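These notes concern the structure reproduced below.
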Amino acid sequence: MPPATGGAPAHPVVRHRQPAKFGSTISRPAADEPPYPRGWPRLPRAGQRSSGGSDECGDYVADLRNTTVLMVRCAREDQVPGEYGRCGARKAPGTPIGGQMLIVGVMAGIVLPIVVWVVRRRTGGRFRYRPMFEAACEVTVGGRRLVAYSGHRKEIRLGDPAAREDVAVLVNSRTWVRALCEVRVDGTPLLASGGRDGVVRLWNLEDRGELVASFTGHRGWVFALCTVRVSGRELLASAGRDHTVRLWDPSDGRLVRAIDTGRGRGWIFALCQVRTGGRTLIAAGHGNGTVLVWNPESTQADLELTAHKGVVWTLCEVSDSDHTLLATAGRDGVVRLWDLEAPQEARALTAGAGPVYALCQADAGDRTVLVAGGDGPGTAVWDPFTGERVGDLGMDLAGLISGHGWVRAVCQVRPPEGPPLLVTVGYDDGARVWDVAKETGT
């Protein structure tokens, strides 16, 4: 800057090459040197060249009256001032926020209609936030092996897995059905159902689905049904919201025994017959994560397993010629296998990202596998005796989008001809049928 007359500066503003931050304070210069920002090294005297930082430092303009830096400017056009006036490479221009929002909106406008269309096609336009079907079991009707499945619609469907079609619908089930089980009376197969109204009903599917008996006594929901052999007789066990396991004689409707499990463990969501050590026991899964194993003849608890963190949703006996294990699963998403003779946990398997609601022993060729269905993704298949994950079912995109990735019930059906078939039901409007050996390559 050219000096004014008498050697005084024309304006009380100076500029020099030195790092500085906008608004920072500089020290007043000596008579023969320019000002500099406080805290930075002094520059060489007038007439000397600065030996460093020409590419890093910008020019600053300072007001001598209040010793404040007014402006920082970089020497090179491809640089911009950074912190404390140090110049760095200019960043490539990015997409403005408004442009990003526009791109997101366009993509959402394209993707969402496609998703909605697929969901409506797969579910008949009735996709919902609660399961369509929550119970399934194998039944025999006229020598045919069928699957019975039901849920909140107050109807029970009968499907032929081999033909991939429904063959009958019971429309007078009268309540939301949460449990199904086949039981034999004098050689005649009957279908037992239980649900919201607390009544256990028996249906004769050979006689056009006639209602043959109703067992009352439960207070509130019936969540679980299973058969159990006691003293050579096949009894029907039921349990639910009232913390009681009831054993019924299906031939005459008599209540044989009631086992009060206590209120401290929560509701009973699962029942399973398990054979171990030459005895037949009954396991009950509770809302607090425990599993009680009972002797149905003495109504005494043989064993209490601290199995899960949260609700135990499902139980299953898994056996081959050498081993018998009890499989348990629930809200924590872990499948645990228990050796009740030891008694101890044999192994723990992680099914997926969410709770597990259904377990089933299945045949895959000459191999016994355990199938676990829940919030997925997909339905997991394991070898329960080695812990090997054999494969997954239902990992296709259409199944996941339609809601079938959220499985609530699983059962195996053995047709007279062909391989055993696995049936899964859940949130969408139908059942899916799987040849486990083919799907897993076993």
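Placement of Cβ uses the backbone N, Cα and C atoms for every residue, glycine included.
Taken from TrEMBL, the feature region 'Disordered' applies to 1-58. Per TrEMBL, the feature transmembrane segment maps to 97-119. According to TrEMBL, the repeat 'WD' annotation covers 190-213, 215-258, 305-348.
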Per DSSP, how many helix, strand and coil residues does the repeat 'WD' (190-213) have?
3 helix, 15 strand, 6 coil
Which sequence positions outside the repeat 'WD' (215-258), separated from its termini by at least 6 residues, show Cβ-Cβ distances below 8 Å to it?
178-186, 190, 192-196, 198-202, 265-273, 280, 282, 284-285, 294, 296-297, 299
Using a Cβ cut-off of under 8 Å, list the residues of the same chain at least 6 residues beyond the repeat 'WD' (305-348) that approach it.
266, 269-277, 281, 283-287, 289-293, 354-361, 368, 370, 372, 374-375, 380, 382, 384-385, 387
Could you give me the DSSP helix, strand and coil counts for the repeat 'WD' (215-258)?
0 helix, 29 strand, 15 coil
Per-residue pLDDT averaged over the repeat 'WD' (305-348) comes to what?
92
